[in-house]
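**Q** Found this in Swiss-Prot, in case it helps:
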type	residues	note
BINDING	30-33, 51, 87-91, 415, 479-481, 495	ATP binding site
REGION	526-546	region 'Disordered'
COMPBIAS	534-546	compositional bias 'Gly residues'
């Protein structure tokens, strides 16, 4: 085990605070509508230019071990806030730096760090309650667009795209962000349920122009095993043919004689069918087949439920208004399932989401909810160059997270105003002793900091603006983009409540840990091993011609 360097008390804290300041100073220049850019070096290709706080934070790694510890702790604030709320990373970093800076002064003057932390926690809890009171629900398209625009660094086109996507697929729908092929942003919406499996034979295509098979008002047969024997399918095929409607077969696989017979019937026009493989694998495949069954009002024909293919009737088949099957995707539009059953299934999956431990599982479950509840929208980001594309895509993803947070917990006036209002409301808060009161004071001072930084980045005098905003009421604040004092909500400068709340809580949590640190242990730098000597002498004369 390598030797360690152990540093105590003020020496440890001072070094860690230096690291906090280096990281925070690099991140905070990006805050607000007039925030500056930060250029990040790349090991290959051109540098990346960004105004995204968390991207800057993730790049920073310091040489000094103790400084790096401090920087990594604040980096944790940014990433945690990004994970929970999707935005507010720069605000959280600014708050953490302020709490650490003010707190260190009190610790240096001999106050008890534990009492300071108790005071900080008390003030944060009161401020969070106050933010919830100020918050108002975010329901209209206009409000959603405003939140998206602010989060994407005042880019209204991104806000509009996200609002349009949410309008099309609902608040629960899946919205994904991809690289576009043109200069303009595009929005593709898939209504109904889509899964990534296409037709098993191109002979099923009945729309050669689009290269898809379209089934109008079809039955849907769901089976969890392979189908290779046509005899198993015959009874149900005869019933469907009598009904004079097309059929979609979704099974683990359809092969051999069964597939050949279906293709021949299709070509001759006897029975219009399309066969596709079931989506997913293992347990997820079973669950997705069950989802499709509930959406179409049918049943999965499986041995576990006591159903067999030979005995299947039309009652066990699902139905839909229209189904489109392409080479790689199948889309079921307007399934005949009961709304009550679909809602119950969505509720059940939501419970699984809450219990899920891995991000991958959670993401897949959320996709299933969206497919049942709404639809899928894809925002294709357009840009002139690769560098611009990456930067814009990161902003769109941030904005998307922020709008989801706004729909979830509502919105508050932006531009640092909500924290100023919450600060005014809790100004009379007191602790049980002078040290706790100092902790409360630290938070009250920190809550001004985001507004100060926004104003400073805009090149104005921060103290004057903070005093003017604090003297106002309600949504009255400073719009740094125009340099005017306005009603922030009317001007469209709003933040999701969840983002502001999470930023404050995470900043206080990590800053409190830093203030109560009394020793730091870091690995000592390894001394370079001496270079090996040259080859030993006396190698000549070994009978070789040199």
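Quick reminder: no glycine exception, Cβ is built from N, Cα and C everywhere.
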**Q** Within 10 Å of its Cβ, which one of these binding-site residues (32, 88, 415) has the largest number of other Cβ atoms?
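**A** Sorting the candidates by Cβ neighbours within 10 Å, the top entry is 88.
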**Q** Measuring CB to CB from residue 480 (ATP binding site), give everything in the same chain under 8 Å that is also at least six residues away in sequence.
**A** 32, 33, 34, 415, 454, 455, 457, 458, 460
**Q** Neighbour count first, Cβ atoms within 10 Å, every protein chain included; then name which of 90, 495 tops the list of binding-site residues.
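**A** Ranked by Cβ atoms within 10 Å, first place goes to 495.
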**Q** Give the number of CB atoms, excluding that of residue 30 (ATP binding site) itself, located within 10 Å of its CB.
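**A** I get 23 for this one.
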**Q** For residue 51 (ATP binding site), what residues in its own chain, 6 or more apart in sequence, show a Cβ-Cβ distance under 8 Å?
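**A** For residue 51 (ATP binding site), the qualifying residues are 30, 35, 36, 37, 38, 153, 391, 395.
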